[in-house]
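Student: One structure is given below, represented as structure tokens, and several questions about it will come after.
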Amino acid sequence: MMQKQNMIVVNQKEIAKNIYELVLQGTLVQQMNEPGQFVHIKVAEGIAPLLRRPISICNVDQEKNEFTMLYRAEGQGTKTLATRKQGEMIDVLGPLGHGFPVEEAEAGQTALLVGGGIGVPPLYELSQRLVAKGVRVIHILGFQTKDVVFYEEKFAELGDTYVATVDGTHGTKGFVTDVIDNYGIDFDILYSCGPLAMLRALEGRYKEKKAYISLEERMGCGIGACFACVCHLQEDPSGHSYKKVCSDGPVFPIGEVVL
């Protein structure tokens, strides 16, 4: 159930180039039961920046009432968020959207989790949930270069983990699909989050597989009211049928929406 709450900053640190790990605490965490959902953060008091910033939920610790977000500080809003210190309060709205269907993976099956860039974080909570129910997980994490690689060791604690960098400075040179080809990776179910180009490549390969993708789109309200994040359905690509990423998604079955 969505709630609005002022949450306390437990810790914030830069873990890779311009990539920040922010831990917040509050009872809102008790509502975070679906990996792949996101929160809307009011990065500062006042009216500038005006819009809240959508950030995916990376890790949930309901015993401590804490959750972790990872984000890239690149625009005015996220750069402001990166200045927030331990003990400060941050206005949080969430959890929002529909996440990854953990129930679609069965114990004993193999799940392939593919993340690209800042699309990697929500896969961490998902991976933990899958492992807890007896699913074997394989992770492929794609980044531009070594300086922006994060959470490789944390994912490796949960299952086989491969990294690809576009420039070849770490792991496999190239894209996540190169890792799949190089290692002949097979799986029963696919979960993915990342850039549209990556999601399109996966969709082209795995239309017949059980697969779910999380879309990264710029969102305004986060609750389906402003229509800033609509996408067409593949069954009606030029018509009036659409889905809203923020409220109908951000997770969709592969092949449902136009990428």
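Backbone N, Cα and C define each Cβ position, glycine as well.
Checked Swiss-Prot, it gives:
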DOMAIN    2-102  domain 'FAD-binding FR-type'
BINDING   ARG53, PRO54, ILE55, SER56, LEU70, TYR71, ARG72, GLY77, THR78  FAD binding site
BINDING   CYS221, CYS226, CYS229, CYS246  [2Fe-2S] cluster binding site
Student: What does the structure give for the C-alpha distance between THR78 (FAD binding site) and CYS221 ([2Fe-2S] cluster binding site)? Integer Å is fine.
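Tutor: That separation, Cα to Cα, works out to 17 Å.
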Student: Just jot down the residues in the same chain as CYS221 ([2Fe-2S] cluster binding site), at least 6 apart in sequence, with C-beta under 8 A of its C-beta; none if empty.
Tutor: ALA228, CYS246
Student: Please list residues from the chain of ARG53 (FAD binding site) whose Cβ is under 8 angstroms from its Cβ, counting only those at least six apart in sequence.
Tutor: HIS40, ILE41, VAL43, TYR71, GLY77, THR78, LEU81
Student: Is CYS229 ([2Fe-2S] cluster binding site) helix, strand or coil when read with DSSP?
Tutor: coil
Student: Reported as an integer number of Å, what is the Cα distance between CYS226 ([2Fe-2S] cluster binding site) and ILE55 (FAD binding site)?
Tutor: 18
